[in-house]
Amino acid sequence: MNSTTTTDENSPWKVSEFVEIILIFMYFLITFIALSGNGIVCYLVLAYKRMHTVPNYFIFNLAVSDILVAIFCIPFSFVANLKNYWPFGVAMCPIVMYSQVVTVFLSSYTLVAMSIDRYVVIVHPFLRRITTRQTVFVILAIWVISLAIPLPTLLHSQILYFSNTSGQCLEIWESDLEKSRYSLALMILHYFAPLAILIFSYSKIGYNIWIKNFRNDEGNKRRLQLAAAKQKVSMLSLIIFVIFSLCMILMYLCCNWITLQFILIQIGLIFAKS
């Protein structure tokens, strides 16, 4: 997320026309699935009153986040990578870079909110549950936080021109140390901190569903049915969490490997080559 792409326009690296066609088809397919699939989810949640539940409101917010990815992230990143330079002008560079980070925070914190809701329902069933009205305020808070934290990305993203290049959309900082600190802070806030909460929540949920409830509800058909219903909803949330966690760590390692090496050198975990 620290750069949107880019190498020399005259770079010797260039895919064949056949591979380019395949890539274009795949990106169009991914974008179409993201827009249509998440659009359907949003429509169903909004159109049918019986879908107005707390878990579905959070799923709606996740779908909106995915739609934003399909609009602001996929097309721009794809074209920039295909052309090997930033062709969208000065204004779009900070907007796209900022939007990419915002969508990551939206997804992370929505998953955290979902896990906390499931945790209360499963682990503390006698506590007062959050209402749909309160859920709307939680989602609004998620948006405010997600828009506020990545503001440095918006302020520091610009097109940088090197010799013999057509321009690269990058985050420009006064020093590598500042950039590394910001990248590390982002990763803690949008990945490691949410991940810790998610692991705690789903560990407790798993224990209550598969161990505690099984012991307590054995022989009670009605309670077993209720436990099974809760298990389905919680399993869906768990699957989303696992996929998201794996994708996020792989994406971060791929996009920020150089920055990560710099951070490890600074804290003494690895040593720079002499």
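Note that Cβ sites are derived from N, Cα and C of the backbone, with glycine treated the same way.
The following features are taken from TrEMBL:
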DOMAIN    37-247  domain 'G-protein coupled receptors family 1 profile'
TRANSMEM  21-46  transmembrane segment
TRANSMEM  58-79  transmembrane segment
TRANSMEM  85-114  transmembrane segment
TRANSMEM  135-162  transmembrane segment
TRANSMEM  182-202  transmembrane segment
TRANSMEM  233-253  transmembrane segment
Confidence summary for the domain 'G-protein coupled receptors family 1 profile' (37-247), mean pLDDT rounded: 84
Winner by Cβ pairs under 8 Å against the transmembrane segment (135-162), considering only 21-46, 58-79, 85-114, 182-202: 85-114
